[in-house]
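K.L.:
Quick paste from Swiss-Prot:
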type	residues	note
BINDING	Asp44, Tyr141, Tyr167	substrate binding site
SITE	Tyr47	site 'Increases nucleophilicity of active site Cys'
ACT_SITE	Cys137	active site, nucleophile
ACT_SITE	Glu208	active site, proton donor
Amino acid sequence: MEFSQKLYQAAKPIINDIYEDDFIQKMLLGNIQADALRHYLQADAAYLKEFTNLYALLIPKMNSMNDVKFLVEQIEFMVEGEVLAHDILAQIVGESYEEIINTKFWPPSGDHYIKHMYFQAHSRENAIYTIAAMAPCPYIYAELAKRSQSDHKLNREKDTAKWFDFYSTEMDDIINVFEALMNKLAESMSDKELEQVKQVFLESCIHERRFFNMAMTLEQWEFGGKVND
C-alpha cells in the first residue's frame, strides 16, 4: 500500500465524523443557517489567503519544474477558481461574496490550523511535512462531496447541492499531485519519520473538523469575562 493510501485509511474515522457533524448534514439537507455560512465564508477567505502563501513556500522545496508549474497553477486556482464554490454559498446568504468577506475575520480554529501548516513549512526542510499538512484540505472536501453524491439526504432542490457538486470533481488534480509527491518523498524516509508525517496529516484532519464546527458555533475569540477593556 502506498504511503498516501495509508494516510487516507488512518483519516477515515475523522472524515466520517466530519460528514456526520452539523455543518455537512445541514448542507446536505439545504437548511443550514445564513449566519453559519457567512461565518464560514469570512473565515475561509482568511484561511485561503494563507493557504495560497503556503503554495509559494513549497515552490523552493520542489526539485521538478513540472511540480513548480503545477503549484503556480494551483495558486491561480486558489485566487480565482474556488470563488465559484464561495459564490454558491454567498447567493444562499443573499449577499455578494465580496460584501461578505469585506468583514475580516480570523477565528481561533482557522488561526490554529494555519499556524500548524506554517510550522511545517518553516521548521522542516523536507517538503513532505508541508504537503502532509496541506493535503487534508482538498482531500477531505473531495471525499465529503463524493460521498454526498450517493446520499439520499442530498437535497437537489437546494443550491447547497451545487457546492457538493463542485468539490466532487475540482479537487482531483491537486490531490493526485500531492499523493505523487508524498509517495515519492516517503521512499527515502525511515518508519519513525513517516510516523511523524502521519501525525502531521491527521492533525490537519482534526483542524478541518474544527473549522467546519467553527462555522456552526459562530466561534469567536474568548478572553475571559463579557467585557475586555
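Note: Cβ is positioned from N, Cα and C throughout, glycine not excepted.
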K.L.:
Around the substrate site formed by Asp44, Tyr141, Tyr167, list the extra residues of the same chain whose Cβ is within 8 Å of the site's Cβ centroid.
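P.N.:
Here the non-site neighbours turn out to be Glu82, Ala85, Cys137, Pro138, Ala145, Trp163, Met171.
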K.L.:
About how far apart, in whole Å, are the alpha carbons (Cα) of Asp44 (substrate binding site) and the residue listed as 'active site, nucleophile'?
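P.N.:
Asp44 (substrate binding site) and the residue listed as 'active site, nucleophile' have their Cα atoms 12 Å apart.
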K.L.:
Run through the Cβ atoms and count how many others sit within 10 Å of the one on Tyr47 (site 'Increases nucleophilicity of active site Cys').
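P.N.:
Taking every protein chain into account, the count is 22.
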K.L.:
Enter the number of other CB atoms within 10 angstroms of the CB of Asp44 (substrate binding site).
P.N.:
20
K.L.:
Let me check the 10 A CB neighbour count of Cys137 (active site, nucleophile). How many other CB atoms are there?
P.N.:
23
K.L.:
When you measure from the Cβ of Tyr167 (substrate binding site), which residues in the chain that are at least 6 apart have a Cβ under 8 Å away?
P.N.:
Ala85, Tyr141, Ala142, Leu144, Ala145
K.L.:
To the nearest whole angstrom, state the Cα distance for the pair Glu208 (active site, proton donor) and the residue listed as 'active site, nucleophile'.
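P.N.:
Rounded to a whole number, the Cα-Cα distance is 7 Å.
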K.L.:
For Cys137 (active site, nucleophile) and Tyr47 (site 'Increases nucleophilicity of active site Cys'), what Cα-Cα distance in Å is obtained after rounding to a whole number?
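P.N.:
Approximately 11 Å lies between the Cα of Cys137 (active site, nucleophile) and that of Tyr47 (site 'Increases nucleophilicity of active site Cys').
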